[in-house]
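Contents: one structure, followed by commentary.
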Amino acid sequence: MALVRIEEAPKWKKILGYVGPGLLVSVAYLDPGNLQTDLQAGADHEFQLLWIVLVGLIFALIIQSRSANLGAVTGKHLSEHCKAGYPTAVNYCLWILAEVAVIAADIPEVMGTAFALNILFHFPIWVGVLLAGLNTLLLLAVQRYGIRKLEVVIVILLLVLGGCFFAEMARARPDMVEIAKGMFIPKLDGNGAAQDAIALLGALVMPHNLYLHSALVISRKIPHSHRGINDACKYFLVESGFALFVAFLINVAVVSVSGSICYNRNVSSPMSTRCEDVTLSSSASLLKDTLGSWSSKVYAVSLLASGQSSAVTGTYAGQYIMQGFLDLKMKPWSRNLLTRCIAIMPSLIISLIGGSSGAGKLIIISSMILAFELPFALIPLLKFTSSSTKMGQHKNSVPVTMISWLLGCCLIVINLYFISTSFIGWFTRGRLSKVGSILTAVVLFPTMMLYMAMVVYLTLRSETPSSSPDTMVSDQIPSETKVDNGERDVEMDEHIVCTEGN
């Protein structure tokens, strides 16, 4: 796949050349798992938690920009840096954890598509899972015509998703003043508001997205100069900010729709009961009974767009993870097929055994797995982007380093709290038998000890000294190693190493 050439003039063409990676990454913040969390947050607390969505996406912008900078400066994505920077045993652990994260992220995406096909065409859930996998592979086939074509497809799906929920929002007619208050006035009133806020915040930043963003920016042919790299980092930040702002508006629309329905003065008692447990499947009937039969179809279309767009980017992330950690030399179609088959297996098995109820529980479990996995992508990212060996003059400044680590630690603590409270809830509510509780405790305690040891190791591990830094700006590279920006098209898998000095 040829790289996208960045044209210096006119200005608008230069800016347009950098547009794309952030948009692909933003769909992870609109995947069916996030939609379910948004719908439940609105049903439980109306517009009160909208400020959490705003704060969460600001957090996400700061973290995602570190990932984009890593790829833009070094010409290598996060999994490649992990392979080069950690011992073999640690690398295999990180690879397995990253693959598990891709599978966990794929579960709500596949299930969301399956639920949408069930609502629209009454297909069984397991059939929808198979069709979801097939559709994703067909969409990924677009990449053979260039990354820009795939970006256009994803943008179209985003527009469909946003258009559907804004149409639902127009029909629901929420109070815009209350929405504004919810966005800008922090408040955590009501039963379970704090826990729901933590779940909402923890669902936003996903580990596979950090691998993906660092890889997607390499699709641009960035000028090999100090100024060129600085410009690239700046434009990628602006583009990511715009994409996440669009994602924020759509998240606001989703919360507003469920909040306005469940907090309507004329809502019936049975409807109020249904608002206590809003799922991707039950939301269709909830919308149909309150806004009209057409609204459930519009919702299903939005769910289909959400599931397919996020599944494409999830599979894309999976292939980069496999390529970076294992250095597999496979054709793109075979790598996509392998990644897709691995990812949909759990969803297919659960849908065959448990149907729609089992699928709904699987989405909750997948959220817990993603929360558990986050440190193993986030900590290496922050370490690498703060390293002068890796980033040269483009490493994080001291204030950015402090802010990034503070946000990273906050996200990790929030996610650990979310996991621990979920497990405690299972124990205290008697959802597990005595034997099951004992076995879970026996397995859980050593797992958490190993987990904390791994987190501490990744955080405190000193950087391996290197007499030949991975990255230096082009004015430090001998002239014979500099590459003319217009000389040749380089295949995406061969990545231009923007600042490698030998």
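Backbone N, Cα and C define each Cβ position, glycine as well.
Just so you know, TrEMBL annotations never went through curation; they're auto-generated.
The annotation compositional bias 'Polar residues' is assigned in TrEMBL to 464-479.
Per TrEMBL, region 'Disordered' is recorded for 464-485.
If you look up TrEMBL, you'll see 12-29 (among others) marked as transmembrane segment.
Residues annotated as transmembrane segment in TrEMBL: 49-68 (among others). Remote same-chain partners of the transmembrane segment (49-68), defined as residues 6 or more beyond its termini with a Cβ less than 8 Å from a stretch Cβ, comprise 21-22, 25, 29, 38, 41, 78, 179, 182-187, 193, 196-197, 200-201, 204-205, 209-211, 213-214, 217, 233, 236-237, 240-241, 244-245, 247-248, 251-252, 255-256, 378, 381-382, 385, 396, 403-404, 407-408, 410-411.
Residues or ranges marked as transmembrane segment by TrEMBL: 89-107 (among others).
Annotation source TrEMBL lists transmembrane segment at 119-140 (among others).
Look at TrEMBL and you will find 152-170 (among others) tagged as transmembrane segment. Residues 23-24, 26-27, 30, 139, 142, 246, 249-250, 253-254, 256-257, 287, 291, 295, 298-299, 301-302, 305-306, 308-309, 312-313 of the same chain, all 6+ positions outside the transmembrane segment (152-170), place their C-beta atoms under 8 angstroms from a C-beta of that stretch.
Same-chain residues lying 6 or more positions outside the transmembrane segment (242-264) and placing a CB less than 8 Å from one of its CB atoms are 22-23, 25-27, 29-30, 34-35, 38-47, 49-50, 53-54, 57, 60-61, 64, 158, 161-162, 165-166, 168-169, 172-175, 179, 183, 271-272, 275, 278, 283, 286-287, 290-291. Under the heading transmembrane segment, TrEMBL lists 242-264 (among others).
Remote same-chain partners of the transmembrane segment (337-356), defined as residues 6 or more beyond its termini with a Cβ less than 8 Å from a stretch Cβ, comprise 99, 102-103, 106-107, 110-111, 114-115, 118, 125-126, 128-130, 132-133, 136-137, 281, 314-315, 318-319, 322, 330, 362. Sequence annotations record features per position, and here TrEMBL assigns transmembrane segment to 337-356 (among others).
Here TrEMBL flags 362-382 (among others) as transmembrane segment.
The transmembrane segment annotation in TrEMBL covers 403-426 (among others).
Sequence annotations record features per position, and here TrEMBL assigns transmembrane segment to 438-460 (among others).
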**Request:** Using a Cβ-Cβ cut-off of under 8 Å, list the residues of the same chain that are 6+ residues beyond the ends of the transmembrane segment (12-29) and lie near it.
**Result:** 4-6, 57, 60, 64, 68, 105, 147-148, 150-151, 154-155, 157-158, 204, 206, 208-209, 212-213, 216-217, 219-220, 232, 235-236, 239-244, 246-247, 251, 306, 309-310, 312-314, 316
